[in-house]
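Copied over from Swiss-Prot:
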type: ACT_SITE; residues: Asp263; note: active site
type: BINDING; residues: Asn194, Leu195, Ser196, Glu197; note: ATP binding site
type: REGION; residues: 1-318; note: region 'Ribokinase'
type: REGION; residues: 343-474; note: region 'Cytidylyltransferase'
Amino acid sequence: MKLSMPRFDQAPVLVVGDVMLDRYWHGATSRISPEAPVPVVRVEQHEDRPGGAANVALNIAALGAQALLVGVTGRDEAADSLANSLKAAGVDARFQRIDSQPTIVKLRVMSRHQQLLRVDFEEPFRTDAAALAVDVESLLAKVKVLVLSDYGKGALQNHQVLIQAARARNIPVLADPKGKDFAIYRGASLITPNLSEFETIVGRCADEAELVAKGQALMSELDLGALLVTRGEHGMTLLRHGQPALHLPARAREVFDVTGAGDTVISTLAAALAAGEELPSAVGLANLAAGIVVGKLGTAAISAPELRRAVQREQGSERGVLGLEQLLLAIEDARAHGEKIVFTNGCFDILHAGHVTYLEQARAQGDRLIVGVNDDASVTRLKGVGRPINSVDRRMAVLAGLGAVDWVVSFAEDTPERLLEQVRPDVLVKGGDYGVEQVVGAQIVKAYGGEVRVLGLVENSSTTAIVEKIRQKG
């Protein structure tokens, strides 16, 4: 799937649901309490982060989209902390404050990046559902997507009023469901249960085929536009009417904490759809975003630059013609898997059998082969007027089609030295009958511990000779 970064700055989203404050106490523990067999934590640092629906809104704002939030809090210090954090992040938050009940707070005691204890301060809210619906309806004209972030804490009392109000305005409704009754989300454009939540409703799924069949039945029963089941290390499965199931593998490199991963999924989906992305592409972006956020500790948001890097890395993992930034990310990924990077360069104006043999030999020097290609202006400077015969785009396209070549990148200078300083290959390869020290860029590569190898040329294979022969016949 080809992914690209949406214009999130043109993506207003309204989030309605259960807001809460995630509070963290970080400290050191080196002894057991004499009062009970529990560790003693000496608190050194504390921090507050928006949680629940507030984290969804925070994630949307972090991507550069406009986030509006409607929720319910107490009238207390925790609500003030939540409001201040959201305001600083650019979230337009509208809270229904209740005097008689506290803001929901999840306190986590941490030591050495490990969670030792969680303490919940909460009571189910007795929400003024009618007033909340009025607030939501007054904001729908300003947004392109409505998100229902339901944690079952009482902020959402009448889901159907909100869903129907949005549908009447042709605004997609995304719901992150909770509980044992998904009928309350009837008519939603998309719901995003995790596998456990999904199986609570439909029963255990023995395999993907059963998951798909039960998911399609649920969609029909509840008049859902689509269903996205998040499946942890097994990725995500998107179901749509009349379309084959789309299974996306998990993209996490390392998993430190899954807290808030569901919030990240629905927030990225909402922002991408509001920015005009088609649903499969939005799901692909959400899958990448989830892979990033589980690598962070605690409730966290991802930024637009982080997602952009992930998109570029995803495209860079494919073989073919890449820009420099994509190439560097692809190299980073390859090295993370212990792969040896080989680099060679040239004009490759008219690709011939000698080139093919040489590139196959170059590829055999390592695991990944990068081919640097002189752009048109540098070929003209090196080869003279009338060259290149083929434009740089055509030359790179032909090279990218060879099985021996992983990545192709162009450079504007006459030599690849500047490119070598950025790419830093493990092996620099050149074809010819000269010594290693005569290879352009050899000193750069050897300075950081890389290798330089010279391969023999295939006899009777010369682009210049081929060009001259064509001209004589013409």
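A Cβ is built for glycine as well, from the same backbone N, Cα and C atoms used for every other residue.
The residues near the ATP site, meaning same-chain residues not in Asn194, Leu195, Ser196, Glu197 whose C-beta sits within 8 angstroms of the mean position of the site's C-beta atoms, are Pro193, Phe198, Glu199, Thr200, Val229, Thr230, Arg231, in sequence order.
Each of the binding-site residues Asn194, Ser196 was scored by the other Cβ atoms within 10 Å of its Cβ; the lowest score goes to Ser196. A straight line from the CA of Leu195 (ATP binding site) to the CA of Asp263 (active site) spans 15 Å. Each of the recorded positions Glu197, Asp263 was scored by the number of other CB atoms within 10 A of its CB, and the lowest score belongs to Glu197. Nearest by CA distance to the residue listed as 'active site', out of the binding-site residues Asn194, Ser196, Glu197, is Asn194. Using a 10 Å Cβ-Cβ cutoff, Leu195 (ATP binding site) registers 17 neighbours.
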